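Features reported for this protein in TrEMBL:
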- 126-379: domain 'AB hydrolase-1' (DOMAIN)
- Ser206: active site, charge relay system (ACT_SITE)
- Asp341: active site, charge relay system (ACT_SITE)
- His372: active site, charge relay system (ACT_SITE)
Amino acid sequence: QILLIDTNMPAMFDGMKLAAVATVLYVIVRCLNLKSPTAPPDLTYQDTTLNHFLLKSCPILTKEYIPPLLWGKSGHLQTALYGKLGRVSSPHPFGLRKYLPMQDGATATFDLFEPLADHQSGEDVTMVICPGIGNHSEKHYIRTFVDYSQKQGYRCAVLNHLGALPNIELTSPRMFTYGCTWEFAAMVGFIKKTYPQSKLIVVGFSLGGNIVCKFLGENRTNQERVLCCVSVCQGYSALRAQETFLQWDQCRRFYNFLMADNMKKIILSHRGALFGGGSTKMVDADLSRLYTATSLMQIDDNIMRKFHGHNSLKEYYEKESCVHYIHNINVPLLLVNSGDDPLVHNSLLTIPRTLAEKKENVIFALTLHGGHLGFFEGAVLFPQPLTWMDKVIVGYANAICQWEKQKPPCQSQENNATR
């Protein structure tokens, strides 16, 4: 009997090893979402001549987006890689930093990058770019996109969110907020004045997408000389998003904590300008509440809304969200989101989908994968520096420029009148 037990022990241990390996493989397959298929983006748009032309001229929107095989189908890993690295082997485009004084004493800054080639249309075209939350022109994903755009013949102007650059001091007790368009408007105004023949392509990433859509929808004159607008991975309504950011679904509450921690660091790096020097907007109590904040909502309620005198968090989110302005945009508008973006809840995507169903100038593209501003491409393990997102924006912009060049003059005058 003892011998029987001894001979069965190795088999039992082998079974346990196989079970452990099977469990690990199951967890890996589930976590990495390896069984998920690849597919072209799900497109919502109206049946118009312009939209058919754009989709034909920008075929990347109708082809499969294929992420890296081993990890690219995980929205968390796509988001984490973007957040940690931004991009791999990012270039270093040369630009000139511009400083613009604002009426309230703040100083807006943006970086200007001249084109490195002639544009295929023969026209002067400038991309005016608004980065994501707390970002600026020195971020890797911005540098990669700018370098690619320059080589395609675009001038690029990149807004540095007020307070985001670590080496630029604030000159007033105010920094960037979720939907303040003042600095972006100042940059666009500078470009229009300095380059009177240049047409504009408006581009916004994440929070920047909210800002550019709000800017264009606030006033029809803001759409003058604008050829199109592209927004990537924005959430459209901060008021509707705040509840989802407190949920643990897709680890959203954890991401909320990480972003809040980053916002605290940015605010505290400017504590002298924001909380000292006789500032009437901020007091010591606000600073003490900032230290204990664990979510963006707490920071927005105690700090951010006060920059513009909003009475409540609800009022702040309502007035700073582009959802109330985006329907006023008449130029061609491409809205891009990812279905596995852990920061943007799927319920928010009814906003761009409904807009594309109602307005003929809007295309809404929803990918299966890509995470938040990831959209990496690559064979198996290592991603390429240039992403699907970079190619889509430039491809769509090229298609718009091509449409503008070949369409009948009467149609051009008609479109300019509506803008």
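Note: Cβ is positioned from N, Cα and C throughout, glycine not excepted.
Unlike curated entries, TrEMBL annotations are predicted automatically.
Note that the structure is predicted; figures quoted are calculated from it, not measured.
Recorded features from TrEMBL, shown on the structure.
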residue	record	CB count, 10 Å
Ser206	active site, charge relay system	22
Asp341	active site, charge relay system	26
His372	active site, charge relay system	25
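The two recorded residues, Ser206 (active site, charge relay system) and His372 (active site, charge relay system), have Cα atoms 8 Å apart. Asp341 (active site, charge relay system) sits 5 Å from His372 (active site, charge relay system), taking the C-alpha atoms as the reference points. Within the model, the domain 'AB hydrolase-1' (126-379) carries an average pLDDT of 94.
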